[in-house]
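Notes follow once the structure below has been shown.
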Amino acid sequence: MLKVYYTFGCPNCGGPIDDEHLLAGVPCSKCLPGRVENLDYRVIYDLLVKNSTLKGYAEYFYDNETFEEIVRIFKRVIGNEPWNLQKYWIKRLAKSESFSLSAPTGLGKTTTLLVYSLFFSNTTLYVVPTNSLKDQICERLRNMGAKVSCNDVKEEYINVATFNRILRHYDNYVSLQPKLVIVDDSDMILKSGKTTEVMAKILGISEEIFQYAISLIRLKRILKFNEDDKELKNKIVELEYKIGSWKPFVQFLVASATLRPKGIKQQALRTLIGFEPSTIQTYLRNIADLYYQGVDIEAILDKISDNGGLLLVSKEYGREKMLELKEIIEKRGYSTGLAISGRKFLNKFTEGKIDYLIGSASYYGVAVRGLDEPKRLKYVIFYGIPKIRLNLTDALNNPSLIVKIGELLNIDVKDIRRKLLFLSPPEFQILRYSLMKDEELSGKLKDIKVNLINIKEKIWDVLKSDNIKKLKADTFLVTENNGKYYVYIPDTVTYIQASGRSSRIISNGLTFGISIVLVDNIDLLDILSQKLKKIIPNFMFKNINEVDIRELKSLAVSSREVSTSQKKKINIKTILLIVESPTKAKTIARLFGRPSRREVHGIPVYETIILVNDEILITNIIATKGHITDLTTENIGYYGVEVGNNEFNAYYSPIYKCYNCGKTFTIKSNTCPYCGSVFISSSEKVVSALRKLSTEVDEIYIASDPDQEGEKIAYDVAMLISPYNKNIYRIKYHEITRNGILNAILNKGKINMNLVKSQIVRRIEDRWIGFELSLALKSMFYERNHGSGRVQGPVLSWIVERTKEYKKNYGWILYIKLGDYAIKKFFRIKEEANKFIEKLNIKINLISERKEIQNPLPPFTTDSLLMDAYDKLGIGSQIVMKIAQDLFESGLITYHRTDSTHVSALGISIAKEYLESKNLNDSFSGRSWGNEGTHEAIRPTSSMDTESLIKDIEDNPNKYFIKFTKYHLRIYDLIFRRFIASQMKPAEVTYSKFEIFINGEKLEVELPTKISGGFSIIYPLKTYVVSEKYSTYLTKGSIIPLFTYAEIIKNMKEKEIGRPSTYAKTISALIRHGYVVESKRKALLIATNKGIKAYEFLSSCCSDLISENRTKLLLQKIDKIANGDVNVDYVLEDLHKEITQISGKLVNSLKLDTNV
């Protein structure tokens, strides 16, 4: 029977524990002897106390008890149960965690914080932006029975103060030494470095630690320019260790924010508090988005015939236009007020003394950001498209804009576009700053700047000479006004934030609002609409003249009544989404808005909002960075597996990684066993973070990769967090897109245990065989860097045998080029070749021609991508897999480890959309190719070709979290074209048969010479032009060619001894051990003397173990385990017998060699 043990997994003592105990949610048998069963956490605690074995479980128990106590106080003072989102916050508060409460107004942030400050019963500082809010908070706290001080500074009290008062009485508030600090609006403390320093001192952060954090930020910025600077990296690690040893003793809570910390001191504070004050999330929206052609405010007033509106004037019109509109509205019998500063206007609006508020359409303006009146505010009217206006002269200091405008004017910018694309973000910022300030640069940046200035001059020349009045791009508009040019960019953030003022929360329901845009430029409306569609699902502007405004008004009014079915009900759930890579975590978080970020045990966690039907998922996303456990190398059993009485107990340890040498190991040690460094990280940190987060949320979705390795990662995660949360689901996606993630969540399931067992067997087999062979090789050759495995063995044998044949048949190769077709001839000695060349006579006859209808190739699988990338681009398999991983994690292609050619209906529709956009509708021929299975073929996730991708990178520089290289673009282009071609009609190919006479020797060849129509438009095949005009090239070489990456991968697939996930790894392992090297020019694979000796030794003593047939049979058994067709115990028993027998042979072989 196979059982998994985790050497560090017990939730109480931190020692070994089996998966059965973890699944039941109870500590190990040492801590809690007896029958394994599900028990309430209170029962577990009592039993541990009774057995005198209580350790780490106490913290979990007290956190739960604290949560329950806060909920009891909440019910007592508020009169009802906390909402789901409030419970999520309370769970985090109960752990004394510092964090930012991210939610729109109306979801109970302030109520939760007031109740918590009441519970806290210790010196508290509650910071608010205004005196009116201070008075409201004080009154509510007094009504709850709290000890409140609203003017004087008092210990053991809740001190409520404005930040301005704190600045005036700075020393008093620092000496107060509060244990809890609550900030209503973090913008106050992030305005400047000085205000940030004030808050740091109130939070008890010493000057020394604050300076360490500032130094850390500076060094990390420098590292972006010197990524390979090892000394700099070590300094960063040292500072991180120093900062990590500091523990905050003040709990810090932030209720809302709109600014991101940008200054170095603000970022230093963020580093120390462990979270980023998050922006207001705009996930709650129940709005009719309307537009009216023109800026006739009176026409809109006639249509609405109602009060309760906010009129926002586009910034370029200024205050004068606001006053003009105020007068017009008042003449129609409505009272108005200017929402420009202060808060008095809001009170009058709430009381019904003002019908319409008028303000500026500015994101940071009080009318957009500070207005919250859910009952009265029904309409938001935009006078003009909300926009950002830039003088073109200033705008052309942005390199990306120079390129985009140059392209619109048909100026050649291709070369500079490519150069900009491959700049790092810091390099790009330096270039932009230099253009702005006209500062000197050097090196490649100097050349790029000169080119950009030349393009700027051409732009001005074309604009003036052609008298151009308007230029429309995808994301902006350039217009001429009185001889001056301006760039207009629709302000999507302001539109979302401002229109959202009309749809707020009342009694756990969302009111209905109406947003109306008075259109002053139809082109800008179109750009705004397209940008909003990318942010808000199913967004659409509707013409106000084409909707029933009376019905919409009625809905807006009824949704504001206390009890109504017209309100959109709010269903909120909190989830933890666990992925493998940090890039993937960031990409998914960004798909659903602008996420907030915090750190849990030093691990980044992104909080975002995912809307699934009518459910709002408050989603925390964290990355495991791959496997979190591996078979232990501690002295346990047979290489980490206890074997006996038909039982196999596999012990898994955390994975340790050395910061200095980069190597990983699974034996507990305070220093690196390879280089001795003390700077070591452990996956235990990740596990601790996962466990902490799992206690906070309703459900957990494990979204590791959809393959055997990903399933084992999912299993390990599920086991290690089971004691803390039972609502664990496995979700799988094959593309990182919005739809891909949503479909995965809607189809959440359970972990595939057969797949997990197959991975465990594969890992045990790899360990047993690998360690036995490596031990023998190291003993035989007295060198540490030796190793082998069952799959590596056959592959090494192929390369060794081919290398031997290559050397045996070495001589001279003559290439005779006939047009673009080449013929090879082999000669043993150079003189023979030269004689042949001297009398060279060539005659070519065209014998016949035939036409053939040829179907396109299917889209790529892993092996075909690796082969084509090498054959067409000369890129090795390891690099291709890394690039494919980047493209997948960036949401650009589907999962890249696949042996399926199947294309889904969505994939087919992407190809159709692309071909239609290129007016190639007639060439479309949708194909699903292979049968539907677990995976799909490798394909793009959208109809964006390479040129469009480049534009997307330029337009959205913060969208992707990888650094694109020319190789990324080439691989993407290869995948894109191959896929599109697979969905096109066949091409017509002309094959020509030639009779070639070379010095009288006859040779017949048939070659493709023409191709037309169908898929060849996108993915042309190689054709040949054969000519009697020839050229020759003589070089040293062999008649037997060396293996290429592509040929090895093809062999592995055909002989069934590899999997998509192991093709590249197998070759790289052989290179790492020094058994194989790559030739520099063509990346051909050559066996070294070391590799030949290792192969000869292994084949002499254990040829069966590394034979193709045995390897194939074992992999087939592992596949059968994955399909549930074979009992895992039988496979392990057979494997153990085989290995122990071979182990004996190896020992005897080594003895014989020693005796000799």
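Each Cβ is built from the backbone N, Cα and C atoms, and glycine gets one as well.
Note on Swiss-Prot: of 179-206, 235-262, 655-682, 1019-1046, the range annotated with the feature zinc finger is 655-682.
Here the zinc finger (1-38) has long-range neighbours at 44, 47-48, 51, 53-57, 60, 629, 632, 634, 636, 646-654, 668, 684, 687, 691, 716, 719-720, 722-724, 726, 757, 760, 1128-1129, 1132, meaning same-chain residues at least 6 beyond its ends whose C-beta is under 8 angstroms from one of its own.
Among the binding-site residues listed (Cys10, Cys13, Cys28, Cys31), Cys10 has its Cα nearest to the Cα of Tyr895 (active site, O-(5'-phospho-DNA)-tyrosine intermediate). Listed in chain order, the extra residues whose Cβ falls within 8 Å of the Cβ center of the Zn(2+) 1 site residues Cys10, Cys13, Cys28, Cys31 are Pro11, Asn12, Gly14, Gly15, Pro16, Ile17, Pro27, Ser29, Lys30, Leu32, Thr53, Lys55. The binding-site residues in question are Cys10, Cys13, and the one with the fewest Cβ neighbours inside 10 Å is Cys13.
Its Cβ taken as reference, Cys28 (Zn(2+) 1 binding site) is surrounded by 22 other Cβ atoms within 10 Å in the chains shown.
Cβ-based neighbour count (10 Å, all protein chains) for Cys31 (Zn(2+) 1 binding site) stands at 23.
Around the Cβ of Tyr895 (active site, O-(5'-phospho-DNA)-tyrosine intermediate), the number of neighbouring Cβ atoms within 10 Å comes to 26.
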